[in-house]
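Report on the following structure.
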Amino acid sequence: MAEMVDHKMKGRIVALMIMVLISQVLSASLHGCFTAPGQGQLRKRSAVHPTAVNAFGSSVFLPVSGNVYPLGYYSVTLRIGNPPKPFELDIDTGSDLTWVQCDAPCTGCTLPPDRLYKPAKKNFLACKDPICAALHSPKSHHCENPNEKCSFQVDYADHGSVLGFVVSDYFPLLLVNGSGLNPLLAFGCANRLQNGGPHPPPTTAGVLGLGKSKASISSQLSGLGLTQNVVGHCLSGQGGFLFLGADFVPESRMTWTLQNSSDKHYSSGPAELLFRGKPTGVNDLNVIFDTGSTYTYLTSKVYQTVLDRVRKDLSGKLQVVKDKALPICWKGTRPFESVQDVRHYFNTFSLRFTGARDIQLQLPPEAYLIVTEQGNVCLGILNGTEVGLGSSNVIGDISLQDKLVIYDNENLRIGWAVADCTCQLSGF
Ligand SMILES: *[C@@H]1O[C@H](CO)[C@@H](O)[C@H](O)[C@H]1NC(C)=O
Ligand SMILES: *[C@@H]1O[C@H](CO)[C@@H](O)[C@H](O)[C@H]1NC(C)=O
Ligand SMILES: *[C@@H]1O[C@H](CO)[C@@H](O)[C@H](O)[C@H]1NC(C)=O
């Protein structure tokens, strides 16, 4: 009896010590992410917690590698299967289904055969599975036989399509409280990669779909009661981090805007384009937050406005030059080394969200320019009408850098805070 009590007490003390240790590690390292340390306490139980998953530490934290230029994407490495194999996945808040190159067999795969995912019969999902239904909008063709294999196709705005079958397998993951998880998650086994359009697909093993439908990894983890349906990323010129769950939401530092719930993407609006803090006459923008896009795409008219403002600022200071990196570039008298060398020639744009509250997403020169290997400076904002994006404005990686961006699907909001994304979660 006494022994049992003693044992329990020890167990509790150890657990408490671990919790204290973890929260110190977390708050210490996340404090390092913000410019003015000491403010903005990490909230262990932030306002983001209306549902059942409440234990502090029930988030997944993943280091991100990549950059906007020259690589063009950001990725995480996840292990899949039993025994697990590692896959480098392009993180994409603009699509739902995670997929990996897959030997079923494959046409168009870029990975060597031994690095492909190899499905077994038992992995294939049937058409009647709710995840399969979530992938096929009611209008699009759905399978006739509910026991048929569930197939999928993802079309990307500027790099072709990916086709295959939906499968499910184990994803070993570590929660920040130290607990290991091994959930069965549904994803795409992609065995037909079709390269269309001007930009080839990334060279990763696949894509991590972080969108808001039931099929996304974040929704599946939350559906299983493992994490809250909150996705956060912090991207810099040298990688960054990604988290799933609500533990790292620095509530007091965040600027929030409402998600547009009638859009299938993470979108927000209406927004107004400002230049040097003043209206440009461009209003009512529908804005999509999409880490799957390297650059920012604006509809033709908005793009034209940006071009006009930038060109007027530069008038004669820099010379137009051709560079294979992007359509619009300039050179100086000497090659530039970084955006820091040119930022004084340019000004800050911002998006003012005019919905519930008047808030802004700042786009300083670093958020819309790159300096290429040739030492030219190029505009990282592109004409979305040219790639068929319709009336959507897509905020890509270039403009999401140096910010902690959070998609809170529990409270249907999107938020951001300026951050140093090179900070890492140490101790794990
Ligand atoms: C970590 O969190 C998960 C999910 O909330 C919970 O099931 C698990 O017991 C926690 N582990 C520890 C060590 O607290
Ligand atoms: C919300 O999304 C819908 C569907 O994409 C779109 O038609 C509408 O314009 C968006 N609303 C705002 C305010 O951006
Ligand atoms: C954007 O692309 C469309 C379609 O190709 C084109 O008609 C339009 O002129 C372009 N806009 C600008 C500002 O270049």
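Each Cβ is built from the backbone N, Cα and C atoms, and glycine gets one as well.
Taken from TrEMBL as is:
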{"type": "SIGNAL", "residues": "1-27", "note": "signal peptide"}
{"type": "DOMAIN", "residues": "74-417", "note": "domain 'Peptidase A1'"}
{"type": "ACT_SITE", "residues": "ASP92", "note": "active site"}
{"type": "ACT_SITE", "residues": "ASP290", "note": "active site"}
Other CB atoms, at most 10 A from the CB of ASP290 (active site): 24
Inter-residue C-alpha distance, ASP92 (active site) and ASP290 (active site) (nearest angstrom): 7
Per-residue pLDDT averaged over the domain 'Peptidase A1' (74-417), given as an integer: 93
